[in-house]
Structures are given as C-alpha cells and as structure tokens.
Amino acid sequence: MTNIRKTHPLLKIVNNAFIDLPAPSNISSWWNFGSLLGICLVLQILTGLFLAMHYTADTTTAFSSVTHICRDVNYGWIIRYMHANGASMFFICLFMHVGRGLYYGSYAYMETWNIGVILLFATMATAFMGYVLPWGQMSFWGATVITNLLSAIPYIGTNLVEWIWGGFSVDKATLTRFFAFHFIFPFIIAALAMVHLLFLHETGSNNPTGISSDADKIPFHPYYTIKDILGALLLILVLMTLVLFSPDLLGDPDNYPPANPLNTPPHIKPEWYFLFAYAILRSIPNKLGGVLALVLSILILVLMPLLHTSKQRSMMFRPISQCLFWILVADLLTLTWIGGQPVEHPYIIIGQLASIMYFLLILVLMPMASTIENNLLKW
C-alpha cells in the first residue's frame with residue numbers, strides 16, 4: 001500500500017511542499033530565512049492573539065491595558081516583549097531574505113518575487129499599525145506624521161487623510177480601526193505566503209551558483225528539515241536573549257510616556273526597521289517628492305528583473321557586482337543610522353548623499369557593472 005502521506009488529499013500537499021520536495025543539494029544558510037519568516041509569523045500571530053485578549057483599543061485605556069498586561073497578567077511581560085522583539089526579528093529575517101534574493105538573482109522567478117514585494121509592503125503596514133496600539137507618545141505622533149504624508153497626494157490627499165483618521169485628528173476612531181487592521185493583516189500575510197510558496201514550487205528553488213540544479217536534487221526531508229530546525233533554534237536563541245536581557249534595546253524611550261496631543265516629542269522617529277526609508281523621506285525637502293521617494297525605495301524591488309543585464313543569474317562569479325552589492329548594504333546601514341538622527345548639519349547632507357547613492361546603485365551602477373562583466377567574459 002502507498003504511504004498515506006502520498007495519497008491523503010491534505011497530507012500530500014504537505015508532503016509535496018515539505019517532505020518529498022526536490023531541493024538543490026547546494027543551497028546555503030541564506031536559504032534558511034524563508035522558513036524563519038514562517039516561524040516569525042506564527043510566533044507573532046500566537047503572541048498577538050494572547051495580547052489581544054487583554055488589550056483594549058480605546059484612547060483612554062489602551063496605554064493602561066498594556067501596562068496591565070506587563071504587570072498583572074501571568075507572563076504578560078514576556079508575551080508583550082516577545083511580540084515587540086519578534087517584529088524586529090521578523091524584519092531582520094526579511095532584510096536578509098530580500099538581500100539573498102538580490103545577490104543570487106532569485107528575482108528571476110518574477111511571480112514569487114512580486115508576491116514577496118507585496119508581502120514586504122503588507123508586513124511594513126502591519127508593523128506600523130501595531131506600533132500605534134500601545135498609545136505612547138511615539139505611537140501617537142508616529143501615526144500623525146506617517147498618515148499625514150497621504151495629504152501630499154494631489155486633490156484627494158486631505159480628504160483621504162481625514163477618512164483614514166475617522167475625524168480631524170488621530171483619535172479613538174483611528175486607534176480602533178488600526179487595531180482591527182493589525183489583527184486581520186497577519187492572516188492576509190499568511191495567505192500571501194502560501195501563494196508565495198505555491199509559485200516557488202512551480203519552479204523550484206534557486207541556488208548560490210544561479211545554474212539549474214535539476215541534475216542534482218535531494219529530498220527536502222531530512223536534509224533541509226534538520227537545517228531549518230537548527231536555524232529556528234538560533235532564531236529563538238537570539239529572540240529570547242533580547243527579550244530576557246534587554247527587551248527595550250530596540251525600542252524608543254519616547255514611547256513610555258502616554259500619548260499627549262498637546263506635547264510634540266523633540267525627535268519623531270519610527271522603529272529601527274523603518275529608519276532607512278524614513279531617512280530617504282526626510283532627505284527630500286518637498287513633501288510629495290519625499291513620499292514618492294519613500295514608496296519607490298521599496299517599490300524599486302519590482303524593477304529588479306528588468307534591471308538585470310548580466311548573462312549570469314547569480315553574483316557568485318561577478319566580483320564588480322559583489323562589490324557594489326556590499327556598498328548598497330553599507331549605504332542602507334548609513335541611511336538607518338541617519339534616520340535616527342536629528343535633522344541638522346551634517347546629518348542632512350549625509351542623508352541626501354546616501355539617498356542619491358541608493359537609487360544610483362540600483363538603477364545605474366549595478367546594471368552598468370553587469371554589462372562590463374559581460375564584456376570581460378569575452379576576453
């Protein structure tokens with residue numbers, strides 16, 4: 001009799017995705033981040049569910065309810081900090097995952113890549129709305145500043161902002177709807193992740209060489225299941241070290257005072273994982289221009305397959321492109337640092353130069369380097 005995992009309507013889906021899936025024999029640890037993102041998502045949904053049991057989405061009690069979770073609920077503090085730092089781990093894995101895709105040319109699988117970009121946008125939207133929920137100073141002012149950016153849209157901007165706010169300022173209606181959206185979005189992300197996986201399994205995984213691995217495949221289980229478990233253990237180790245030893249390391253102290261509409265914090269800044277985009281936004285003196293640059297800084301990923309001019313898929317054998325890739329990483333780290341600094345000399349000019357460099361690298365320098373490398377192959 002055939003094994004039940006190969007015949008059962010539900011089990012065979014799991015079997016074909018996680019057990020008997022033919023995988024390249026040479027994929028490195030950079031291919032671990034997909035499964036780690038899945039673990040992060042499950043962890044966020046579970047901790048979020050337990051937080052939602054004790055949280056109240058009302059301007060008068062939201063802050064107190066979070067305090068109540070940390071002080072009075074059994075292990076509430078650990079659930080709250082696992083959720084907050086889980087978001088940071090989520091974004092670390094996301095950035096690594098996207099970086100891997102850029103380096104090894106995984107964007108050639110266009111459907112998988114484009115759904116990945118949509119997933120990135122959805123995750124950023126979810127994290128932003130989640131940051132508003134504790135209703136601290138930075139929650140309130142962050143929500144005010146970021147939603148206000150939509151007013152830069154010509155003609156409909158102001159109406160759009162007031163429609164999102166549910167009034168003439170960020171208030172009870174805004175908090176309630178953000179909670180509703182923050183609750184539903186992770187499930188939309190989970191559904192999109194399934195589609196992401198569906199498209200990936202149509203083509204199979206890429207590998208570090210960028211060459212077809214059809215001639216040399218191994219079963220996903222046990223080889224990559226055990227590898228993913230090791231990755232998961234390391235992820236949990238890092239997360240729990242953060243949670244148990246320095247839970248507020250990545251947070252902003254300005255979010256500890258409760259929201260006060262009459263008092264603006266001296267430096268409004270988002271969580272660390274948005275700082276690079278925030279720096280690009282701030283480096284353009286024009287409001288609409290800044291908003292466009294902000295959106296394009298992520299949306300530019302969609303253009304990656306079109307900007308690929310190399311005859312080789314991966315950067316593994318392309319030293320000039322490798323060099324530019326790591327300059328891009330350094331540039332993004334610079335932008336992240338600038339995003340957390342006040343708007344004054346010399347930070348303004350550094351931010352503007354780093355922003356120009358970001359778009360220049362992706363749109364001009366990297367395609368040029370690929371063309372040069374193609375010509376070098378002829379020698």
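All residue numbers here begin at 1 and follow the chain in the order shown.
Using N, Cα and C of the backbone, Cβ positions are placed for all residues, glycine too.
Owing to the predicted nature of the structure, the values given are computational and were not obtained by experimental measurement.
The heme b b562 binding site annotation in Swiss-Prot covers H83, H182 and is backed by similarity to another entry. The number of other Cβ atoms within 10 Å of the Cβ belonging to H182 (heme b b562 binding site), over all protein chains shown, comes to 21.
Swiss-Prot lists H97, H196 with the feature heme b b566 binding site. In this structure, H97 (heme b b566 binding site) is part of a helix by DSSP.
Taking the Cβ of H201 (ubiquinone binding site) as centre and 10 Å as the limit, one finds 14 other Cβ atoms among all the protein chains shown. For H201, the entry in Swiss-Prot reads ubiquinone binding site.
Taken from Swiss-Prot, the feature transmembrane segment covers 33-53 (among others), and the record attributes it to similarity to another entry.
Annotated transmembrane segment per Swiss-Prot: 77-98 (among others), in sequence order, evidence recorded as similarity to another entry.
Feature annotation from Swiss-Prot assigns transmembrane segment to 113-133 (among others).
Residues annotated as transmembrane segment in Swiss-Prot: 178-198 (among others). For the transmembrane segment (178-198), the residues of the chain that approach it from at least six positions outside its boundaries are 17, 37-38, 41, 44-45, 48, 52, 55, 57, 112, 115-116, 118-119, 122-123, 125-126, 129-130, 132-133, 143, judged by C-beta separation under 8 angstroms.
Sequence-remote contacts of a segment are chain residues at least 6 beyond its ends whose Cβ falls under 8 Å from one of its Cβ atoms, and for the transmembrane segment (226-246) they are 29, 32-33, 35-36, 39-40, 78, 81-82, 85-86, 88-89, 93. Taken from Swiss-Prot, the feature transmembrane segment covers 226-246 (among others).
The transmembrane segment annotation in Swiss-Prot covers 288-308 (among others).
The transmembrane segment annotation in Swiss-Prot covers 320-340 (among others). Outside the transmembrane segment (320-340), and at least 6 residues removed from its termini, the chain residues within Cβ reach (under 8 Å) are 99, 102-103, 269-270, 272, 274-280, 282-283, 310, 347, 350-351, 354-355, 357-358, 361-362, 365-366, 369-370, 372-373.
Sequence annotations record features per position, and here Swiss-Prot assigns transmembrane segment to 347-367 (among others).
Looking at which of 77-98, 113-133, 288-308, 347-367 has the most CB pairs under 8 Å to the transmembrane segment (33-53), the answer is the stretch 77-98.
Under 8 Å from some Cβ of the transmembrane segment (347-367) lie the Cβ atoms of residues 279-280, 282-284, 293, 296-297, 300, 303-304, 307-309, 321, 324-325, 327-328, 331-332, 334-335, 338-339, 341, all in the same chain and six or more residues away from its ends.
For H201 (ubiquinone binding site), the nearest neighbour among the binding-site residues H83, H97, H182, judged by Cα separation, is H97. With a 10 A radius on its CB, H196 (heme b b566 binding site) counts 21 other CB atoms from all the protein chains. Residues within less than 8 Å, Cβ to Cβ, of H83 (heme b b562 binding site) and separated from it by at least 6 positions along the same chain comprise Q44, T47, G48, L51. Annotated pair H182 (heme b b562 binding site) and H97 (heme b b566 binding site), C-alpha to C-alpha distance, rounded: 23 Å.
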